[in-house]
């Protein structure tokens, strides 16, 4: 019954995997089940049939028939069988995952390179754990028992203070005299510990005479006539698990085996054996209800070997899943190749089995070490008498390979510091995350250290990382937009200059002081270009040149506008009686000299500023903790203020003069346009001052570039837009007759 239950558990696991859309999608697993009938030869034959691919042919789909690739073999349960079978399977690197073979000899990867198991190895050092140095050993007469004898004799080395009191081998024949002799050896020995690596049938015969039981959870030992010897005993059993949905599967699928059905309900399917009905036997109908009989088949509260079967199937499935997830060209095999389901090689599954790692629905992590063994986990059981005369086996704990962990407080990882809990011992503390800008790079640090000025703490506070560098870059959206606008303004100036040069003999160009107009367009082009010095990583030469170029370019521009305004007033005054003398102060030479002189004053201011307190690049860490803002400090605030003040003074003077001349009766005078343009210019730079002061880091540079571009476009469009409109779109108004006619009117 138990063997059939384990086979059904395997079927349930495969059915569950096939219904899981996240595990092996588009792949359907199948299985073949072989009953070894407790005979090595039969199990050996089944394994060889699977390995050689000579088992019965099956039809998969209509266009596809043949034998599917064998993913692996689950089993065998007995260590002696697994030793023999895996020795042969290892030659083909066919993976074999056992659910109940515990012999530590199977951990030898030289002899068993493709053997894995989901049950812990017997190599768990229970003798050394409890300090037992004097013990007796009982073994079965097979490979498993003989290897156990060698292993325990090694563990109880006399050089380490340990000795084996006796070693008795239990033969497989029915020999009561031999059993009595062995029992007498146990009773006469002074060893208080008996270690048994024997089959259940041997233990049944011995339990009636032996006072101390072995560590096992076999149901056959939990019988009333044995409890006088087992009551109060602590046992160590393999890990019990829970498999949700298994019971429902067992109830629904039980009728697949007539033999199981006949065994459970003590009936026979038709036609029954001769004399069966006459002897009072019943006929099986197939409608019997498993819920009405008491059978271990439906006991899901004590799943131990079945749970190991469940884990073994899932281990093979996860190994295949990882194999199929391999990306071509990035695989682990020769030439970075991957495995192929159509040409699946057993050794490829072995490779992925060695790396498999998953967690069952019961919460147990499954992975294999370098020997193909899982992490040893054992349940601690206690046989208890009940008041009503019954008994139960109570799970009272578990034992893992790692020693018990008992600390008041866990170690503080890097990135934290220890802070002692108030009123508690020194070993009790809290782990406090280091504050920003500080780190701890070792476990259990008592304090955090500050990062250097140009570094900042990582998010985990375990490493100082360089601070990000922040400045107005050509690669960020804001820098790209400002650069594009600057280049657009420069190109527009060049186009307007070309138009004016091409039409320099036309009345409207000649009447508006063409020479100053050309100088004004050149200066506006310089204004647009100087804005590019404010974009990019600040360097010494760009910091020194940016404000000087900006100041000189704008003074040149405003000087040209101021002189043009003064010329307009002089021309109007000269048109009145006795005012002709005023024009001698505003000839071509005087105009050039005035512009040159006013520009030289600004150049002198810039030179004095650069010599006394030059602007320099500066790493500012005050704006952001995790950033270094690269900026140009002005050096001397007074020098910067004088530079802006001088530009403002010329602009204000130009505005006042243009405002006074705005209503002069002359079609050639552009006082109104100058008034409007200077109004825009002054408004932009008045708004610039508070915005610049309140903007941090790169945004201060962006504000200054925006002010330069806005004021430059304002001057360009206000002064030259109407003229270009007449030249290009209204040429009939660009004649001397039209202009003179307007004047006469």
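Backbone N, Cα and C define each Cβ position, glycine as well.
Predicted automatically and left uncurated, TrEMBL annotations should be read as such.
Record features (TrEMBL):
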DOMAIN    478-743  domain 'G-protein coupled receptors family 3 profile'
TRANSMEM  477-501  transmembrane segment
TRANSMEM  516-536  transmembrane segment
TRANSMEM  548-572  transmembrane segment
TRANSMEM  593-613  transmembrane segment
TRANSMEM  633-661  transmembrane segment
TRANSMEM  673-693  transmembrane segment
TRANSMEM  705-728  transmembrane segment
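Counting Cβ pairs under 8 Å that are 6 or more residues apart, the transmembrane segment (633-661) and the transmembrane segment (705-728) reach fewer than 3 and are not in contact. Against the transmembrane segment (548-572), stretch 593-613 shows more Cβ pairs under 8 Å than any other of 593-613, 673-693, 705-728.
Using a Cβ-Cβ cut-off under 8 Å and counting only residues 6 or more beyond its ends in the same chain, the transmembrane segment (705-728) has close neighbours at 472, 482, 485-486, 489, 492-493, 496, 499-500, 503, 506, 508-509, 512, 517, 520-521, 524, 527-528, 530-531, 534-535, 550, 554, 557, 561, 670, 673-674, 676-677, 680-681, 684-685, 687-688, 692, 734.
Taken together, the residues of the domain 'G-protein coupled receptors family 3 profile' (478-743) have an average pLDDT of 83.
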